[in-house]
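These notes concern the structure reproduced below.
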């Protein structure tokens, strides 16, 4: 597995509508591109989640999250896709409202899907989910962006502040998939959360028909010859031949 870490921050992304953004569905080697942003409060394990998914390794300590972009290839239903995963700095809350920088908003607009992460050891991170989900959907008006809610640190039951069942109920109410994971102990659950998003985005990107089929459908099919008309022409030709033989 090849992993490329591009040391670029969300501030460096092309704004929606730019030429670079218009080609956002095509990745390296012409493969379809899937873009996922990982968001949530500070300290919930976003970076650990991303690195665990991409490398299968767990690293406990990280430097302050600067918003790095990671790229790899994934297999979804037999097709190789180019996947980009954007790690993001922790979201803050001021006076019961989200404080999202424009750089973070651009990252969310850039994404084809979003992972919202909270920690079962931090009730405030759980309280962010509804506001954050609403904010994500507001930045994608006119389309239903695929979102997965992930409850991290499931192994730390001795300091649990949030029952995972609450996360499941909230995710269901918001129309999102839900995964309870322990990034430090279980790779499979982490993989499943990202895989279901990649699959959903892949299905949304697939056109109803291929360009070749669409072009073919525009070409009028030749009309089938009328059988009665053919019989009439055949009789006329046969009668003419009989008259010619008789005259001779």
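We number each residue from 1, going along the chain as drawn.
For all residues, glycine too, the Cβ spot is worked out from N, Cα and C.
As recorded in Swiss-Prot:
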| type | residues | note |
| --- | --- | --- |
| REGION | 29-246 | region 'Small GTPase-like' |
| BINDING | 40-47, 87-94, 152-155 | GTP binding site |
| REGION | 205-226 | region 'Disordered' |
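Location within the structure of each feature annotated in Swiss-Prot.
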residue: 40; record: GTP binding site; DSSP class: strand
residue: 46; record: GTP binding site; DSSP class: helix
residue: 88; record: GTP binding site; DSSP class: coil
residue: 154; record: GTP binding site; DSSP class: coil
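When Cβ neighbours within 10 Å are tallied across all protein chains shown, the highest count among the binding-site residues 40, 43 belongs to 40.
Around residue 46 (GTP binding site), a 10 Å sphere centred on its CB holds 27 further CB atoms from the protein chains shown. Listed in sequence order, 120, 164, 180, 181, 182, 186 are the same-chain residues at least 6 apart in sequence whose CB falls under 8 Å from the CB of residue 154 (GTP binding site).
In this structure, of the binding-site residues 88, 91, the smallest number of CB atoms within 10 A of the CB marks 91.
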